[in-house]
Amino acid sequence: MTHPEPETTPVLALEGVSKSFGAVRALRGVSLRLYAGEAHALAGENGAGKSTLIKALAGVHRPDTGTVLLDGEPVEFHGPADARDAGVAVIYQEPTLFPDLSVAENIFMGRQPRRALGRVDHASVRRATADLFARLGVDLDPDQPARGLSIADQQLVEIAKALSFDARVLIMDEPTAALTGSEVARLFGVVRTLREQGAAVLFISHRLEEIFQLCQRVTTLRDGAWIASEPLDGLTEDDLVRRMVGRDLAELYPKQDTRTGEVALSVRRLTREGVFTDVSFDVRRGEIVGLAGLVGAGRSEVARAVFGVDRFDGGEVEVLGTRLKPGAPSLAMAAGLALVPEDRRAQGLVMDMSIERNIGLTGFADTTRAGLMNRKAERSRSVDWAVRLQVKYARLGDVVGTLSGGNQQKVVLAKWLATAPQVLIVDEPTRGIDVGTKAEVHRLLSALAAEGVAVLMISSDLPEILGMADRVLVMHEGRLSAELTRAEATEESVMAAATGRTNQGSAA
Amino acid sequence: MPELTKNSAVPELTKHSALARFGGAVRWDSAVGALLLVLLICSFSFVDNFGNALNLSFLIGNTLPIALIALPMTMLVISGEVDLSVGSTAGLSGAVMGALWNAGMAIETIIPICLLLGVVCGLVNGLLVTRLGLPSLAVTIGTMAAYRGIAQIVLGSDSVTDFPTQYLDFGAGRIGDTFIPYALFPFLVLLAIAVVVLHATPTGRSLFAIGASEEAARFSGIRVKRLKLSMFVTTGVLSALTGVFWALHYASARYDNATGLELSVIAAVLLGGIDFDGGKGTLGGAIAGVFLLGTLQNAMSLQNVSAQSQIVVTGVLLVISVLGPRIGRQVAQARARRRTAAAPPPQAAPST
Amino acid sequence: GGTTKDDAAKEGGTAAAGKADPNAETKKDLTVAFLPKQVNNPYFTTADNGGKKAVESLGSTYKEVGTSSGTDTAGQVSYVNTLTQQQADAIAVSAQDPGALCTALKQAMKNGVSVVTYDSDTKADCRQVFVSQASAEDLGRTQVQEMAKQIGGKGEIAILSAAQTATNQNTWIDFMKDELKKPEYKDIKLVKTAYGDDDAQKSFQQTQGLLQEHPKLAGIISPTTVGIKAAAQYLAGSKYKGKVKLTGLGTPNDMRAYVKNGTVEAFELWDPAKLGALAAHTAVALESGQITGQEGEKFKAGDLGEFTVGKDGVVSLGKPTVFSKSNIDDFDF
Amino acid sequence: MTVTATPVREEAVPEPAAGRRLIDKVFKARELAVAAVLLVMLGATQLSNTEFLSEQGIKDLLLNATILVLVATGQAVVVITRNVDLSVGSVLGISAFAAGTYLQDGGSSLIAILLAVALGALFGALNGALVSLGKVPALVVTLGTLYIVRGIDSIWVGSQQITADDLPNGFVDFGHDGIWVVPYLALLALAVLAAVGYYLRSYRSGREMYALGSSPEAATLAGVPVRKRIMTAYVLCGALAGLAGALYLARFGNVDSATGSGYELTVVSAVVVGGVAFTGGSGSVYGAALGALLLTSINSVLPAIGVSSVWVTAINGILLLLAIAVDRILALRVAAVLRKQAAQLRSARHA
Ligand SMILES: Nc1ncnc2c1ncn2[C@@H]1O[C@H](COP(=O)(O)OP(=O)(O)OP(=O)(O)O)[C@@H](O)[C@H]1O
Ligand SMILES: Nc1ncnc2c1ncn2[C@@H]1O[C@H](COP(=O)(O)OP(=O)(O)OP(=O)(O)O)[C@@H](O)[C@H]1O
Ligand SMILES: [Mg+2]
Ligand SMILES: [Mg+2]
């Protein structure tokens, strides 16, 4: 496939880069060129090697073979600092903030403006941060410590950090995965401005529509190998998917109609002071209920309180008629509840443990004989689910932290689906998952619902909610602001409720 | 469901990884075990008087207190916590034992009371850590002083030595003329229990998970606080038991018994490859570490190596214990990198 | 009914005692091991060096082993075990604990090792002879007499001891208290006994505390070398210098500066080198069979002269020396 | 996905001042709690014993704290980078002896101090090299060097000792004299403390130490020269331990092979009580210094109010527990208040 590229020298390029991690060959002879003033997308399934490629560009990984070219000249970045000094700003897939430091310090670490005698000018650090946030339309206090920020807010801080470099090359690894529409729009606005000012942009997202919105060219990877680099003009989403997956995909949101049964999860007047107030809803067997809202509306907090990892101050939760004790996840599990948490790195997985052990963590009841672990049972339970969810791994004993982001997410799902829950709460279940697998996850959730499982799905991906949910609950500022039937739920109605522009109340 | 989309390159790769595994990842705990073996062989062959039964029984008897506490300490450290108050708990238990004995109580009653005291000590540590969320290092530095102080108040300057002979014999004696101290048997039983619990039960799995990521463990429905609390209590009980054993073994109950024991235990456990950040290590490694240090000290003393030089050797061993595996890994990685670089470059250069 | 103290008391212990032959020949080529409370402690090093000289003059081999901490009883026990293993002929040990060493020492004696304690004793049945630095009674009483002289026979005094468990300290303190009961000391009041654990900083702060708690304090007796040194250093740097008297047991080298700058008038000590030498002679005499540790037995200890074993197998070095400005420069230890 | 480009979030930074002040307070509260405990304790003691805060009394308090403050300051810097240095006691001991030996042979006081600092820095560099180059757990490495340095010290020192008699008068006087109630040693410690505190707060490299302790991975990605910073922290810590050794010599006039053994736990206690978290990235050297002051003051308070030394250890431990527990409870309270306030603020803004 030959497509015309700009005549100019690329600002930053990779030529024939390979990178292996022990047995895994993450990149095999990949080339990529980034031009000034152009936004370049990088597409591929989970584990295709996108993040690895970015880390090679940013000097985190040294390529085994191949070269990195800066303005046409081969360079060797010995670390992230070298790349940064060369004008390359990177937003990594997983936010990497300093939890103890203020947001402002996080952004300017190592580059703080200085006063006489080399002293850090704290005031101007703060001011510059406030300006950046204003540009992004973010409502964060520059002095707030990064600890306790939601994933979305962390992602926003990362974005602000990358923007603050005024870099020639801006690389973004799934920056939008945790964001809702409005933040994405703000981000794209800013990125477009940068691009117009001559910056080169590399953008990764599993939301294909975002790629089409923002980018001019796309490079596709499959299994670490380069597949194509081409302009997006004239390409359809299906074309792109075919390049990534190597085959055609079925319908994206395959919601089957199911018969709803008895109430399986019942939440009454649930309150946690300062976080959410008076939240009541039911989820029935066979039903998928979507929980929508803006970032920080308190959806995840509700889910966590229901499951028992957080305590709540008032209200009650019933699962299949059993009233749950606050703050006791093990009892909730026994009652048939499962929670796929939103932050896979901190909450979903023990990153230093193997895939097998991670999936095994929820299954002690099934895998012990007379109080002792039954290795075989544990293994077969894990294999079963790893295979059903198409986790891409070399050995089941591999440490989960070495998997690609999307595959880690699949392991979290496997870990919880393996408990055969009656009520399943999924918090951003497809964050960072590629289109192919996303469809698979959706099919799976549908199938579970059809089997009579009650599903509560929290998602910031509005189309996903609209496509999957039988009913949509919307939260705003810690309260339920609307309950919409599948027919009533449209992008407009949900957004209106999420931003508090309606006073619809909860119509049951 | 479509078939498992494993990497197409898997078969070719597993061969590689088996190799890499063999070369790169000789586990540290096995290395310590091997080292212990080598040391034992050397000592048997070259150190006069090392191999006779009496000396071996001394060696084992003197190492037992450390080994006993190392059992729960290993688990505690694997779950990401630490207890520095073990030595003081042992001291307190011994002091109470002495005081009650002086008061005329029967030793059969005293020992259970001491163990109960261990429960209380462990509970105090555990509750402060789990309920208040305080760092265990800080808490147990505090209780280390507090328990020792209470021991001092309880027994003052007394030193109680007149425990019944059959108990003293149990504490210090050995079976006939063999090298086996009586006290070895209860220890072996405890060791077996600990190995099973840590490496073959859900509890053990959970401890590893908690140590590696407490939050993820909580989200997996593991009762983190309860488990940690029970680990602290176990540590307390075994420390108290060690205190009783100490008083009998050395035939002396004093408030300053077992001073500094915590550092010996921690050094041994670290040497055995237990990661202080939690989540990694094996009991086998820890026990090998304990006996490696014990044997080394015994052999060096027999060889008339001065106490000062012994300290240096212990320190060097500790440093090597962490640097060694690290350097080994780096060498293995470098070799692997050279191997891949030497392999034929992959095809599929992009067309432009 | 379980096993209580009363049951145990009935069992009783047995001390093996052979027959002494005062005219037996002094054996040569023995190995005499010194096991001080703490190696690298200057006091013990001086003592052990005295022992070394004596052992070598008798044609035997000297060796010193020990722990680097003064409270590592377990360590001391394993050293006794090691020496038993190495078949040393005699051990001279300064016990960190009167009871803890017993099992090991009895084990050693059973294996034919002669056991002498010096400086700090164990229980009487765990060794054959205790070589005492001076009779405990002398030491206790003379320190009070010295203090009374310095403060003019009246005022509040305090004691700064080492560890609360230190056997020898406690015996001396008991004799001090007894001495104070005499009518000539009716104006002297012992207000407190503090413990500095033989740790410089702790002893330092305990001294401060004594002075703050008892502003009218006239004098401090510190029967421990570490304690007296720390107390002297504190007094020297405070407003109490020269006003609050200090005496006790110290080494001339430690105290020289304070005697010269007027912080301390006089203090006392035995000569540790002589103590070590006597321990060495006693050990060799035991191993040679000249004595067995029974009361009344006599033996020759080289230049030190002849000694008699007292009650409970105690051999006493003699009266302590008092050091003051006039004689301190004559000593170097 | 269609983008609803409504500016959902209001303009940023409307009232940061109020929030900032509150957050500031939370952070300061850690040190405040220790300071409060300290003041209450000193006040109460003074009431029961008027000699306690006499001229001599204050001088003693300050002098007692000096050495621990210095070592704790260095330790705090290391702990802030998520490491620990257990070898400080041994380093203190060996530096003190080195300085003493030099002075014994008639050297000048200033050079003796510099010598101790240099020796300390050397051992700090050794620790730093082992920890940062090998990327190995600091706890194990420094436990190892604790033994090694102590062993070398005892082999070198043997049974020698430095006594006040061996030291020049000027040096010994420096150990206890001062300006009115403030001893020179305390002034020196204060100056060091202020300098280190200012450095950590106001220099990039200082801030980078916090960053590094807070998240090592993030620090690498942000281009923080991790090894260099860890090295700096250890060298600083070692140098301060060395300085403390020299001051120990001046203060106590006596050094032998056991000097400083077991000191690491006291230092670690001071740092912990002062609110420096062992997980790195938070706390301040001022807190550590306050912690040190609190700990040494307890040891002066108890004898001064006539508590028998039998009770001292127990009371010490219990007070330590109280200090950290009170601190923690206070922090939790403030966090809860903050959470509620934030919620109120949010709903008020959107109402
Ligand atoms: N540090 C590592 N150690 C071992 N294997 C690794 C490491 N980092 C990445 N890999 C492997 O390299 C491959 C490519 O991973 P990469 O993270 O680049 O995927 P990705 O395209 O970013 O996927 P995703 O869309 O899920 O984020 C995966 O098979 C992954 O398991
Ligand atoms: N661990 C935490 N500690 C303190 N505050 C938190 C924490 N996690 C979230 N918050 C805050 O609580 C509020 C609700 O967050 P929550 O994560 O429940 O929102 P959400 O609707 O699920 O949004 P998201 O899409 O980010 O998951 C937000 O203001 C968030 O910043
Ligand atoms: Mg990725
Ligand atoms: Mg959420």
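Even glycines carry a Cβ here, placed using N, Cα and C.
Long-range contacts of the transmembrane segment (D:29-49) within its own chain (CB-CB distance under 8 A, at least 6 residues past either end) are made by residues 61, 273-275, 283-284, 286-287, 290-291, 293-294, 297-298, 301, 304-306, 322-323, 326-327, 330-331, 334. Among the features that TrEMBL reports, transmembrane segment is placed at D:29-49 (among others).
According to TrEMBL, the feature transmembrane segment maps to D:61-79 (among others).
Feature annotation from TrEMBL assigns transmembrane segment to D:86-104 (among others). Within the chain carrying the transmembrane segment (D:86-104), a Cβ under 8 angstroms from the stretch's Cβ atoms is held by residues 67, 71, 74-75, 111-113, 115-117, 119-120, 123-124, 127, 139, 142-143, 145-150, 152-153, 156-157, 162, 166-168, 171, 237-238, 241-246, 248-249, 255-264, 267-268, all 6 or more beyond its ends.
Per TrEMBL, transmembrane segment is recorded for D:110-131 (among others). Through the fold, the transmembrane segment (D:110-131) approaches residues 83, 85, 87, 91-92, 94-96, 98-100, 102-103, 138, 141-142, 145, 149, 171, 230-243, 245-246, 249 of its own chain, all at least 6 residues removed from its boundaries and within a Cβ separation under 8 Å.
Among the features that TrEMBL reports, transmembrane segment is placed at D:138-158 (among others). Counting residues 6+ beyond its ends, the transmembrane segment (D:138-158) has Cβ neighbours under 8 Å at 78, 83-87, 89-91, 93-94, 97, 123, 126-127, 130-131, 256-258, 261, 264 in the same chain.
The annotation transmembrane segment is assigned in TrEMBL to D:178-200 (among others). Below 8 angstroms of C-beta separation, residues 55, 58-59, 62-63, 65-67, 69-70, 73-74, 77, 80, 206-207, 209-210, 236, 240, 243, 247, 250-251, 284-286, 289 of the same chain, each at least six residues beyond the ends of the transmembrane segment (D:178-200), sit close to that stretch.
Panel annotation: around the transmembrane segment (D:231-250), residues 66-67, 70-71, 73-75, 77-78, 80-81, 83, 85, 88, 91-100, 103, 112-113, 115-125, 127-129, 131-132, 162, 167, 171-172, 174-175, 185, 188-189, 192, 196, 205, 209, 259-260 of the same chain, lying at least six beyond its termini, place a Cβ under 8 Å from a Cβ of the stretch. Taken from TrEMBL, the feature transmembrane segment applies to D:231-250 (among others).
Annotation comment: TrEMBL describes D:262-278 (among others) as transmembrane segment.
According to TrEMBL, the transmembrane segment annotation covers D:285-305 (among others).
Residues of the same chain lying 6 or more positions beyond the ends of the transmembrane segment (D:311-331) and with a Cβ under 8 Å from any Cβ of it are 26, 29-30, 33-34, 37, 269, 272-273, 275, 294-295, 298-299, 302-303. If you look up TrEMBL, you'll see D:311-331 (among others) marked as transmembrane segment.
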Beyond the flanks of the transmembrane segment (D:61-79) by at least 6 residues, Cβ under 8 Å: 42, 85, 88, 92, 138, 176, 181-183, 185-186, 188-189, 192-193, 196, 200, 209, 213, 233-234, 236-241, 243-244, 247-248, 251, 263, 266-268, 270-271, 274, 276-278, 280, 283-285, 287-289, 291-293, 295-297, 299-300
